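Asks: Structure provided below as structure tokens; questions to follow.
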Amino acid sequence: MAGVFSYESSEIDWCEDNYRHSEHVVESFNTMSSFIFFIISPIMLYLLHPYAKERSLAIHLVWVMMIFVGLFSAYFHMTLSFVGQMLDELSILWVLAVGYAVWFPRRLFPSFIKDRSTFSKLVLVITVISSVSSFVKPTANAYALNCFGLHLLYTLIVEMKCCTDQKALRLAKLSIALWVLAISCWLGDRFGCILASPYLDANYEIPYSLPGLQYWPCDRWAVGLPHIVLKGNPKTEKRC
């Protein structure tokens, strides 16, 4: 049991250099970036209080739980422990669940659901099942959470078609742009590290081939698909 609390017991390791600034913090930058939740959440609690009083106090729960997202995210990146990973991912899942229960449009409810109370109970059941299932294959949790993100993106686009408020439309477009940027950074981190590993492996295992990195479709572009090219002649390998 103690092993799941151990440093680096998670199978996930982000691209940031480990222990670069402290022997007690695995990923310093990712840990510090999590504290933005402690700034934004209290401000939103204050700004949305009149709306929450009129609509539903459950709205406050979203921002209270966002504080826990920041707390667990900081703990995860500080330790890269299995427990930290699960707390981080489950806190995000439950924030999404509360958001679904409170804000999901009534007109998009499944046909067999007639009121928000029933819909909230359905969301609760799905969230509990998802929480239990997350322990089966923890490395797949992030991809499952992104599936919820895709559904929310679809819902937002549907709602934008019925909205005429220009401020709301501008906010929706900004939200989509930030979501795309976040997903791009996440994918870059995941697959960028994978490409970095084959490149380092090639340098160690087949140095005679002079491995290098190039970007497709054009190596001069700032972005592209990175791949390894071998610039040397395999025949130059030194054999004993």
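From the backbone N, Cα and C atoms, a Cβ is placed for every residue, glycine too.
Bear in mind that TrEMBL entries carry predicted annotations, made automatically and left uncurated.
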Asks: Could you check which of 118-136, 156-174, 194-212 is flagged in TrEMBL as transmembrane segment?
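Replies: Checked against TrEMBL: transmembrane segment maps to 118-136.
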Asks: Can you tell me how far the Cα of Trp14 (Ca(2+) binding site) sits from the Cα of His77 (Zn(2+) binding site), in Å?
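Replies: Cα-Cα, rounded: 9 Å.
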Asks: Any residues 6+ beyond the ends of the transmembrane segment (29-48) with a Cβ under 8 Å from its own?
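Replies: Counting only partners 6 or more residues beyond its ends, the transmembrane segment (29-48) has Cβ contacts under 8 Å with 14, 16, 59-60, 63-64, 66-67, 69-71, 73-74, 77-78.
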Asks: Mind checking which residues reach the transmembrane segment (118-136)? Cβ under 8 Å, same chain, six or more beyond either end.
Replies: 86, 89-90, 93-94, 97, 100-101, 104, 109-110, 144
Asks: Give me the CA-CA distance between Asp13 (Ca(2+) binding site) and His77 (Zn(2+) binding site), in Å, as a whole number.
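Replies: Cα of Asp13 (Ca(2+) binding site) to Cα of His77 (Zn(2+) binding site) measures 9 Å after rounding.
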Asks: Counting across all protein chains present, how many other Cβ atoms fall within 10 Å of the Cβ of Glu27 (Ca(2+) binding site)?
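Replies: I get 24 for this one.
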